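Features of the protein shown, as given by TrEMBL:
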- 30-52: transmembrane segment (TRANSMEM)
- 72-89: transmembrane segment (TRANSMEM)
- 110-139: transmembrane segment (TRANSMEM)
- 145-176: transmembrane segment (TRANSMEM)
- 188-214: transmembrane segment (TRANSMEM)
- 234-257: transmembrane segment (TRANSMEM)
- 271-283: compositional bias 'Basic and acidic residues' (COMPBIAS)
- 271-294: region 'Disordered' (REGION)
- 353-372: transmembrane segment (TRANSMEM)
- 384-404: transmembrane segment (TRANSMEM)
- 410-431: transmembrane segment (TRANSMEM)
- 438-458: transmembrane segment (TRANSMEM)
- 478-496: transmembrane segment (TRANSMEM)
- 553-572: transmembrane segment (TRANSMEM)
Amino acid sequence: MSESVRLGTQLGWTEFVRTCREIRSDTAKVVLLVGALSFSLLPLSLFSYVFLQARDEISIAIPLTPELRGGAVGFLWLFIAFISASRIAQNEHTPDHIDLLRSTVPDRAIVVGILLAETLRTGAYVAPILGLITIVLAYGFASPLLLVTIPLTVVLLFLSTIALGAVCGFTAALLVTRVRVIAQYKTILSFVIAIVFFGGIMLNNVTTLFSWAVFGQLPIAWLLDLALLGTPVIVVPSYAVIGTTVSIGLLLGGVLLTTRLATRLWSDVPVDHSKPKSDRSEPHTVASSPDGALHTARQPVPLWTDSIAADRIGTVSLLRIRRNPSLVWFLIFPLFMFSVFLGNIAVTTGIEAALQPLPIIIAIAVPWFLCAATSLNPFGDLGAVRPALLTSGIGGSTYLQGLSLPSRTIGVPVVVIGVVGSGLIAGHPLLTIAAIGGIGLVLILVGNAIAAGVGTVFPRLSATSIAGDREVVPPSMIATVVYTIPIVLCASIAAVTALSSTTVQQGVALLIGTVIPALLEILAIEAASIVAAPAPLFEAAGATITTLSPTSVWVGGYILPLVLLVVCGLIGRRIAIDRIDTAVIE
């Protein structure tokens, strides 16, 4: 056991160092991580300052209740376990060169390495925040004991959580190799599970189906008593001991159970799930059978096109998304943020208010998601067949046509039904619903071209993590950001104009006629007075905007952004075709 721990520690640390090097080589990801960390630390620093100033006046000599334990630790434990299970099931369940690795180290050491690497990745993200909280509380309560108990609690929480996530993740990966239906529809099933999990959280926030005290009954939630030892908070020492014991037991049990699951998973021969067992011994040529296994596997989604090459490109793209959930998992988080936004609106103002922006979110989010999933990394999605396609003479135009088929086939009915249904429920006028639906249709038509243009300029040709699934190459972070900006910006302006043109008119007039001149005046004080010279022009422009007719506002706020999207689509299409046609195989 000790040898497995030692070898597993080396494997986990090596994997963590590789992950850090990959992140460091991606400038856009580094900038985003630093920005997100700064965004988190700024309010936390302000709160810490206020706490330290008023610590003598604040009385926190209160007992820990199940609600506090459940909301602070119990739910967090389940949430991290869900995320960890998703990551391990999709990417991290099989290291590279697993056969060679298993011939040199035991399976248990490999499992320990996987768990340790996942723990270190998670800990690296929260280490600055955890360090600030620990130092502030230890200083504020004059309790050096917190310098030990808080980090120990977090380590136990992460280790036990990721151990549970590993059991669930390896179980899911094993089911994919054993059950044909699960393998064929694993992307859809993963979406359903995510929707049920996050939807349940939102629904509980809106309707309070159950109390957070339910999670406080979990022994793992009693780790909060360990973390707060030495503070004025009234804790139960026996709960701290039980929570520590349970977390260690979960860790050891998780390692043992994951080792058994991993051994079965890595020892199994992969099963071809693309066709029934009775057909596996018979030769099959997709090129000579338009209705063969390739087309059967994509059912029930039809792709309407007269081009055989485009049809097969679209089919392969659709199957890649269906069978590789991690390819589109990076797009789930923004959609989850939209859901949280709607949930917060529903909690604060009611369900009726949350339904008002729902048609806009559907009209923007659905095309954005589908086009990014199919077209944002054209070169990387090809994988090993990239040389074959680039030398086949198919051409960039046909390739882009094939990539756009799944998003258009799925997106058009989803946008129409979703926008019309949510618009009618929200009580919007028919003209407003039609205008918002038009935005969604325009995005579906031009979104693939924009995504392909950006994806060919900022391609990603290698995997983002050291994992066994080399078929999955998500787009680069910078490509995702560059693609998202014009889509969201132009579509949001057009959608808000369709919903309330007066709001857009007043907002633009305020920005141009008041905010910009005020900023120029401030800069003139710090720099030179000449900086404020254009201020009267902006003020006059703002006054002019307030006098525009509703028709002019519609033209400028609705039609112009859609025209800009079409122009971006044409430019993106031209760039993508040229880069695909002139690509060089290195």
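Yeah, the Cβs are placed from backbone N, Cα and C, and that goes for glycine too.
What you see is a predicted model, and the numbers here were worked out from it, not measured in a lab.
Counted over residue pairs 6 or more apart, the CB atoms of the transmembrane segment (72-89) and the transmembrane segment (145-176) come under 8 Å in at least three pairs, which marks the two as touching. Touching of the transmembrane segment (145-176) and the transmembrane segment (110-139) is concluded from the presence of at least three CB pairs under 8 A, sequence neighbours closer than 6 excluded. Within its own chain, the transmembrane segment (353-372) is flanked in space by residues 328, 331, 334-335, 338, 342-343, 345-346, 404, 406-407, 410-411, 414-415, 418-419, 422-423, 425-426, 428, 433, 436-437, 439-440, 443-444, 447-448, 450-451, 475, 480, 483-484, 487-488, 491-492, 495-496, 499, which lie at least six positions past its ends and keep a Cβ under 8 Å from the stretch. Highest Cβ contact count with the transmembrane segment (438-458) among the listed stretches 110-139, 410-431, 553-572 falls to 553-572 (criterion: pairs under 8 Å).
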